[in-house]
Amino acid sequence: MDMIDEAITEVVRKIERERSVIHGALSMKRLTQNQTVHQQLHSNIEESKKSIIYLEERLEKLKLRKNGVRKSNSEKPSVGIEKNPSFSTTKSAKSFSSTSSNIDSNLDLLNYDTPLTISKISFLLQQLEFKLSVEEQYRKGIEKMAKLYEREHDRRSIAEAEKKYVESAQKITLLKQALKRYHDLHIEIDEEDVPSTESRGNLNARRPQSGLLKITVGSLRNVTHSAGISKQTEMIVAIRAEDLERARTRPSRTDRFNETFEIDLEKTNEVEIVVYEKKNEKLLLPVGLLWIRLSDLVEKQRRKKVEQEVSDKGWVSADKMINQRLSIFLPSALNNISKPESTDRPNTASGNQSVSAWFSLEPMGQINLTMNFTKHNTRKRPMDAGLGRQGAIRQRKESVHEVYGHKFLQHQFYQIMRCALCGEFLKNAAGMQCIDCHYTCHKKCYPKVVTKCISKSSDSASSEYEKINHRIPHHFESHTNIGANWCCHCGYILPLGRKTARKCTECGITAHAQCVHLVPDFCGMSMEMANRVISEIRTTKIYKAQQHKQKSSHHKHHHHKKSKSSSSKHKENDKASVSITTTTTPSITPADPVPTSPKPLAIEPVKRKPVHAGNLEVTSVSDNKLGATVQVVEQKVDDKADALTKPPSLDAVKEPIPVPSVETSVVAQDLTHKAKRIGLEDFTFLSVLGKGNFGKVMLAELKSEKQLYAIKVLKKEFILENDEVESTKSEKRVFLVANRERHPFLVNLHSCFQTETRIYFVMDFVSGGDLMLHIQQEQFSRRRAQFYAAEVCLALKYFHDNGIIYRDLKLDNILLSPDGHVKVADYGLCKEDMWHDNTTATFCGTPEFMAPEILLEQQYTRSVDWWAFGVLIYQMLLGQSPFRGEDEEEIFDAILSDEPLYPIHMPRDSVSILQQLLTRDPKKRLGSGPNDAEDVMTHPFFSNINWDDIYHKRTQPPYIPSLNSPTDTKYFDEEFTRELPVLTPVNSILTKEMQQHFEGFSYSCEDDKPSTTDNA
């Protein structure tokens, strides 16, 4: 209560101060006729009025909070504080929140017409604090350069440095004035945490932008002139990008410019607008500053497109639909809105998406700007282009650097980060971040880290870190963060408020509440000092070890020299013996015929390796003695296969043995299962069905059975180069899980084999094409979309029941069988061992289907599949994606911030399931609980579905594809099917070590279990 009373008193005092400013300004206006003075006084009055409005809102909220606590304490003293938040939702609180509800992006916070709010003050304080720290460092650099120029007596450079120093000093003055103003508006009691624009998981912290900026500088108003300037001053506006001036207006005495510039920008973060006052012919003095991040401008333009679309179409969000009770449950409702003409989007791409507004200058004044940014994007796709194919993306694996248990990965940060070791800013550069505890530092600093990671057990920490005797714990207390402060552990900026910020009362460092327990007990000692102590300890240990080694080696040097000489002689004799044996042994003996009835024989490791039929590969060797090319069979070891008898020598070969070409595998007798292995020569390729990053998918006929299969062909070279070996093995294991029950809605595996350059997955051929092709031809009815969703739901349920998450659910990966049922295909992004509450963090998926937690690079569960399932249902029902954009970044922004829109007459159960599946909080998402798919299956959207009939295919499909023959490929892209079904030659030669990565790949579904070579 005392804190609230003190806060109320402080707010009242600030309001009175602002009123005094207004009263004094009005009095001064009556005493002078100077228009420049009038203009300056007018701007002061306007700023004070805005401050009073903000402070009065805060005052009313504090009074309501005080009354709420008193009322709660009088009624129920034990729970009074808990009732406080609910009491604050009164008219005043709602009116206050409404002022900030129209803020779409950070660009709106720079708009002069945006009222002062906690969000706006927080954003500006963080921005100004950072700019001030950078400018102070810049001024120090100028001072150092000026001293160097003085030593060299370079007058021209000295004059230039002095000019820059004066400008920098003036900027620092302006920044301090602006900071003081916003600090004065801060109220200590503010209990609300406002998300920081630079905090972890920030929606707008994106990479630099490249494109064409078209900017029109209109006019200025209420700009404060520097002291001692005459009435006839000239103003100039300069546009800077990445510390370089890119454009400048002509001088103006009327504060009007109306000049348009087109600036080509490459990987630029922000544009700086500097308003100069021309003091003399040589000196321009800055009087107003503004920074606009290009990512904020891009986001604002994207939101304008969405707003235009909403106004033209009349679609609403689920919340508005429920609140306005516009949802009408009619059987024909969805069919009416599902017609193609009802889902046509207005052409927003061609509309004017320029952003025009009065933007606030710091510390005083406004500037009128009109801006439009067009990105240079080769993969640009109009928002209203409808559904289209998109490839999946996967974060490439990087090398892990371990230091004291920390597992550091290189990470590109696109926001302002502070190194946890040296305390300097990363400044949009690559840094190192621990996978487990998120400790963040420079690339140059991570080897110097002295803190132990939480993932490292205490008993294993016998390191120099344990030997630092400085053990003074920090005294962290809850801290009201106001301004720009960074976490001393993870390096992210702290949000405004009290809930998540902690500050040490002794040394003053700040941290997130969740990071406090990770901060080492080095109160009063910097990390750099601790690193110097560690360096001394290491140096001492190394010196002592070297001294001990020198003493021991001095006594044994003579004896060791003799032993080394003797052993080298033996090695030379052994090498000579091996050399003789090698040259006398024919190099083409592997081509000798293999006995049809081998007898078990113990073979030493130095002798010939036993031949296994499933792992024979062919190479071509030229022998000058024979005058011909002999096909050599490369043999691989199978630990469980029986050894073969030694084949006859080369002299016993009377006639050449017919063998397949280099690009085929050798089919021989499986010694364990007595069954013939599948190889490349057993198939006849008929057509190409599709292409991917690593290879092709081809239609082929198995000669012996006259059965059609789809063969996925992957190049070993690309698999190795992209570190996808384990992913390929995992894909095979997922196929085996699907094979276990021959699941009706999963593509099953017939067999897999390999050659020297490729691996092959022989899969079911699903001839009806994918759902993307069908939905592009015609809109799905409600029944058809519901039917496909039910079968896909059972496929996901089977995966989840076996601890597998799919992570690449989309229309492209759902194939339509000739009988009208669907099959889920492409298991390349699946992950195993993902049971309930198990998590992973790999950044992968198809952009439009990726869940928010994946985009935020958080640990996620199998509930990401249910988010993708919601996007899938939305696309099937409405023929468009709920989250759209012209490129990946815009799509990601839409996923993180936009609400899906629905036709006002869409059935209630359809809106309900989409709303519950597309919930951004993964813990509240439908299907995220331990019941998993059962919760989805019991939703009213599936109320008319008999799940047992669906699983056993007893439900009549709503659509049957028309096929002319079993080999008809009309439902596949003609771009691929018209190609010749041949494998392109591969010139690269893989080493034996490379080939070992693919050992045990062969498999056949005819076996009771995977082949004996299958260790994948």
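Cβ atoms here come from the backbone N, Cα and C positions, even for glycine.
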Listed residues Thr114, Thr589, Thr984, with the one flagged phosphothreonine by Swiss-Prot: Thr984
What residue among the binding-site residues Leu689, Val697 has the most other CB atoms lying within 10 A of its CB? Leu689
Work out how many Å separate Asp808 (active site, proton acceptor) and Gly695 (ATP binding site) at their Cα atoms, rounded off. 18
By DSSP, how many residues in the domain 'REM-1 2' (111-188) are helix, how many strand, and how many coil? 65 helix, 1 strand, 12 coil
Average the per-residue pLDDT over the zinc finger (473-523) and send me the rounded value. 84
Among all the protein chains here, how many other CB atoms are within 10 A of the CB of Lys691 (ATP binding site)? 15
Distant-in-sequence Cβ neighbours of Gly695 (ATP binding site), under 8 Å, six or more positions away: Lys712, Val713, Leu714, Lys715, Phe718, Arg758
Residues in the zinc finger (473-523) grouped by DSSP into helix, strand and remaining coil: 6 helix, 16 strand, 29 coil
